[in-house]
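As given in TrEMBL:
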TRANSMEM  35-58  transmembrane segment
DOMAIN    41-321  domain 'Sugar phosphate transporter'
TRANSMEM  78-102  transmembrane segment
TRANSMEM  114-131  transmembrane segment
TRANSMEM  143-162  transmembrane segment
TRANSMEM  169-186  transmembrane segment
TRANSMEM  198-216  transmembrane segment
TRANSMEM  228-247  transmembrane segment
TRANSMEM  267-287  transmembrane segment
Amino acid sequence: MNRAPLKRSRILHMALTGASDPSGEAEAGSGEKPFLLRAVQIALVVSLYWVTSISMVFLNKYLLDSPSLQLDTPIFVTFYQCLVTVLLCKSLSALATCCPGTVDFPALRLDLKVARGVLPLSVVFIGMITFNNLCLKYVGVAFYNVGRSLTTVFNVLLSYLLLKQTTSFYALLTCGVIIGGFWLGVDQEGAEGTLSLMGTIFGVLASLCVSLNAIYTKKVLPAVDGSIWRLTFYNNINACILFLPLLLLLGELRTLWDFAQLGSADFWGMMTLGGLFGFAIGYVAGLQIKFTSPLTHNVSGTAKACAQTVLAVLYYEETKSFLWWTSNFMVLGGSSAYTWVRGWEMKKLQEDPSPKEDEKSTVGV
């Protein structure tokens, strides 16, 4: 029963290192299903991931910065999504207990000792989801991917500073391309008069928190018996509690009280739908990895970001310069190249697990 969560913990480690997991790829392809059936399954799973992820971004943009909604409570929106996740986890746990075999979900019981053990990760988790939403609030959906593009760069830096892991020259080169794309994107947003300095800063902080979240997740997983769903449950419970004083200090509860659509069923339906997407994205990402591989998942995520950018430009009827598009392709190309380089290095390491010192091509960061 713990096999899937343990596999996901390795996936979280690969999120930090950018490496692929050949064993996962082999496992995914070990079934004896017909090729056509497997191809259809993969297409459906990838499509589900794309639809869920892109829909979540556009819906959150609406909730955070819609002129028709005019709701300036980004912390409350994030708090409510965490609350929905907690309720969904408890509901699925209760359903799994009442109807064994219907739903594969671990039993959830609040343990204060475990909650305290998860707290350091929860602080990073709060930073990650809050800065993500604040970045999306202040920048356009088209620039959102570039604004949060430094995650890979922070992965490399933190791997060296915290884990003392060096990175190869080719991987560093791909990071240079990402940084160049980010810098060019910021420059072009400024040239077009649409740059939000605050949103860009929040995007950089979100990228940092995503990297830290991967590190702390690996450390904290043993406290929840390696179960990613238990970790999700405790993370979101801690987040709900920690968000409450922020809601009071920032005056968002008063703003919400004066909100014209507070009693609107449509508003709460959209808020709840945002929470459902937030909960679902973790599941469909894991599902995509299960049916393909971590490497394919990263490539799919990059392609999805490209499609999301194009859709945003078309939907909001924006006109972008050639250099603006170049910055996006640099970020996406650099991210894809980094994933490929790390996957190639891991494969080479498995074939020759003890290379000679003079054959290593790593450099300190």
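Positions of Cβ are set from backbone N, Cα and C atoms, glycine also.
Quantities reported herein were computed from a predicted structural model and do not represent experimental measurements.
When the stretches 78-102, 114-131, 143-162, 169-186 are ranked by Cβ pairs under 8 Å to the transmembrane segment (198-216), first place goes to 143-162.
Distant neighbours of the transmembrane segment (35-58): 136, 141, 144, 274, 277-278, 280-281, 284-285, 287-288, 291-292, 300-301, 304, 307-308, 311-312, 315; these residues of the same chain sit at least 6 beyond its ends, with a Cβ under 8 Å from one of its Cβ atoms. With a cut-off of 8 Å between Cβ atoms, the residues of this chain six or more beyond the transmembrane segment (114-131) that come close are 74-75, 78, 81-82, 202-203, 205-206, 209-210, 212-213, 216-217, 219-220, 223-224, 230-231, 234-235, 237-239, 242-243. Away from its own ends, the transmembrane segment (143-162) comes close to residues 15-18, 57, 132, 135-136, 171-172, 174-175, 178-179, 181-182, 185-186, 189, 194, 199-200, 202-204, 206-208, 210-212, 214-215, 305, 308-309, 312, 327-328, 331-332, 334-335, 338, 364-365 of its chain (Cβ-Cβ under 8 Å, at least six residues beyond either end). Among residues of the same chain six or more beyond the transmembrane segment (169-186), those with a C-beta under 8 A of the stretch's C-beta atoms are 18, 143, 146-147, 149-150, 152-153, 156, 195, 200, 323-324, 326-335, 337-338, 341-342, 345, 361-363, 365. Taken as a whole, the domain 'Sugar phosphate transporter' (41-321) shows an average pLDDT of 91 in this prediction.
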